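What TrEMBL records for ASP152, HIS211, CYS214 is Zn(2+) binding site.
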Amino acid sequence: MGKITCLEEGFAEVQTLVSCCPGLEHFALKKLEKVVKELELKAKICKEWEELKIKEHELKEMIELKKEILDLKLHKELEEIKCKREACEAHLHEELEEFKEKAEFIGHAINPIEKIKRGFQEFKIHFEEKKEYYEKLAECHKPKFLIFSDCDSRVDPCKILNLELGEAIVVRNVGCLVAAYGQEGTCPSAHAAIEYAVKELKVEHILVIRHTKCDAIQSLMKAHHGENEHFSNWLKIGEHTCKQVKEVHSSKSFEEQCTVCEKECLNLSMQNLLTYPFVKEAVAAKKISIHAGYYDMHSCAFDHWSLDFNYTEIRNYH
C-alpha cells in the first residue's frame with residue numbers, strides 16, 4: 001500500500017509539472033525515473049529486511065536447539081562422571097576394608113591377646129543388645145542339645161549350627177569319638193558330661209558332629225600315631241571300625257576310605273551312646289533322640305541322620 005501511494009504521488013507531481021509547463025516533459029520523465037528507482041530501492045531494502053528477520057528467527061531456533069543438545073550432552077557427561085566417581089569410591093572402600101582386614105590380621109598375629117580383647121568387646125555389645133535374654137540365662141539354663149564335636153579349630157558346632165549361648169552342652173575331643181560305657185577308665189570325662197546332660201539338664205537331643213579331612217581319622221587309617229601315647233590310646237576306640245572299613249572298601253582310594261571311616265565312626269559313637277543305661281532308657285522312652293552330623297568344610301554341606309531302634313533316616317542340608 002505504501003509503494004502504490006508513493007508511485008501515485010510521483011505521477012501526480014509529474015502531471016502537475018507537465019500541465020504547468022508543457023515544455024518540461026523531459027524533466028518530468030527524469031523525475032519519474034528517479035521516483036521509480038527510489039521505489040525499487042525501497043522495495044529491495046524491504047525485501048532484504050524481511051529476509052534478515054527470517055534469518056534471525058532461524059538463527060535463534062538453531063541456537064536454542066544447539067543449547068538443548070549441549071545441555072543433554074553435559075547432563076550425560078555429568079551422569080557418567082557421577083557413575084565413575086561412585087565406582088571409584090566403591091573400589092576405594094573395598095581396598096580400604098581389605099587393608100583394614102590385613103592390618104587387623106597382622107595386628108592379631110603380632111598380638112593375639114588383642115584379638116581376645118576385641119572379641120570380648122564385640123560380644124559385650126551383643127550382650128547389651130540382648131541383655132534381658134542373658135540375664136535370664138545367668139540364672140539358669142535349659143539346653144535342648146548335647147553335642148559331641150571334634151576339637152579341630154575349623155569346626156565350631158555352635159557357629160556351624162548358629163546356636164546361641166544356653167542352647168547346647170558341647171563336648172569336644174580328638175576325633176569326636178564317644179567311648180562306650182566304662183571304656184574311658186577311671187576318669188570318664190565324657191561319661192560325666194552325658195550323665196549331667198541327660199539326668200540333670202534333661203536334654204532332648206544328642207548330636208555327634210564330624211567333619212571332612214579329619215586328622216584323627218586319617219592318623220587312625222594310617223595306623224601311625226607318632227609318639228603321642230595318650231593320642232594313640234584314645235584313637236583305639238575307633239580301631240575296629242577302621243579295620244572293617246579297610247577290609248570292605250579295599251578297592252577304594254585312601255581318601256575315599258577316610259571319608260567312609262569318618263561316617264562309620266559317627267555311627268560307632270551313636271551306638272556307644274546306647275551302651276549308657278540311662279541314655280538307652282531315655283531313647284526307648286522317646287525322651288531323647290540321637291543324631292549324627294557330617295560337615296563338609298569345602299562345600300559347606302551338612303548331612304544329618306538319626307539313630308532309632310527301627311530305622312535310620314538321612315537328610316542332606318546344602
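Yeah, the Cβs are placed from backbone N, Cα and C, and that goes for glycine too.
For CYS214 (Zn(2+) binding site), the same-chain residues that are 6 or more apart in sequence and have a Cβ closer than 8 Å to its Cβ are ASP150, ASP152, GLY175, CYS176, CYS258, GLU262. Within 10 Å of its Cβ, the residue among the binding-site residues ASP152, HIS211 with the fewest other Cβ atoms is ASP152. Compute the center of the Cβ atoms of ASP152, HIS211, CYS214, which mark the site for Zn(2+); besides them, the chain residues with Cβ within 8 Å of that center are ASP150, ARG154, VAL155, CYS176, ARG210, THR212, LYS213, ASP215, ALA216, ILE217, GLU262, TYR295, MET297.
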